[in-house]
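Trainee: Below you will find the structure I want to go over with you.
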């Protein structure tokens, strides 16, 4: 953060008892990348206090400078003042809004101006370390301004002795080299002088004639190279597999299993191979262990036992049902008899007219039809409907 430019001004300090005037005359919109940006409120500081002056200013000079702060920085400073000085009466902060417009920016600037004017009028707040840090001045003697009497602040410009105490708060002080532990200041000075003389003697050496001077290259101290420690195994390093020799060649297996062959076991999985030919069983050329081991294997009892051992039923049902008796099946109940369907009624057959029709039957039917009323017609329809319902339908 660059320090603000402190300029001499002809303005008069309005708050004579504090020697400090604060105001927020304007604001500035700072545009960022794309649609980002923020608003900075410019605080004008007019003061005659020595903590804000540099070495080129006189004690009676009045200086001014601008400090730009964002809303969040002013809010943080406001909360610090309230927590450290609860008895101070300050105007409230402007409200927070989601979308800030021009009217909100103007309202915030006016309220910030009112808050900082109240701070500059209060002698305790005007000399507080929180305010000095907020304005960009961090000095070891700034913390004592809050405890000073207001009359002392008024007479700072009239006392000529204060010019010795005035120093620049905006310039960095030179870093002091820390003393070497375990040595006094004289020993440290002697060691530094001795090192400088050795460097000069190494750099400039006269030739035998004394005419020319040449620079001798410095010898760098040899650093003993330490042996690198053995790398530690991590979870990603491959460890030596103790079972790696199980799947190697026959020669490696025989070499690794030589000590195991010395121990003779009484049991063998496979019989020794039959040499056959003219070699008899009691031949002295054979090993005694071979002749002994062939004895029990030639007996027929072992052959029968091996046959029984490897005889396995091929049918899985027989294997699963070994030793289990078949359960009797429960008797099923007889199904109830279904009654036979009723016989369908037959259609009434019309009697066939045999012989010629009577001559007087036609006019009689016409007279009967004419004599029928509504009830007779309804009865006729019902009779025919019952006949149609009694007839079986295929659908």
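Glycine residues also receive a Cβ, built from the backbone N, Cα and C atoms like all the rest.
I grabbed these lines from Swiss-Prot:
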COMPBIAS  162-174  compositional bias 'Acidic residues'
COMPBIAS  194-206  compositional bias 'Acidic residues'
COMPBIAS  249-260  compositional bias 'Basic and acidic residues'
COMPBIAS  299-310  compositional bias 'Basic and acidic residues'
COMPBIAS  329-339  compositional bias 'Pro residues'
DOMAIN    19-142  domain 'PX'
MOD_RES   1  N-acetylmethionine
MOD_RES   3  phosphoserine
MOD_RES   191  phosphoserine
MOD_RES   254  phosphoserine
MOD_RES   341  N6-acetyllysine
REGION    143-310  region 'Disordered'
REGION    322-374  region 'Disordered'
Trainee: What is the Cβ neighbour count of the residue listed as 'N6-acetyllysine' at a 10 Å cut-off, with all protein chains included?
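Mentor: So the number of other Cβ atoms within 10 Å of the residue listed as 'N6-acetyllysine' is 6.
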Trainee: Tell me the residue counts in helix, strand and coil for the compositional bias 'Pro residues' (329-339), as DSSP assigns them.
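Mentor: Once the DSSP states are binned, the compositional bias 'Pro residues' (329-339) shows 0 helix, 0 strand, 11 coil.
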Trainee: Looking only at the domain 'PX' (19-142), what is the mean pLDDT?
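Mentor: Summarising the domain 'PX' (19-142) by its mean pLDDT gives 87.
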Trainee: Can you see whether DSSP assigns residue 341 (N6-acetyllysine) to helix, strand or coil?
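Mentor: Its secondary structure by DSSP: coil.
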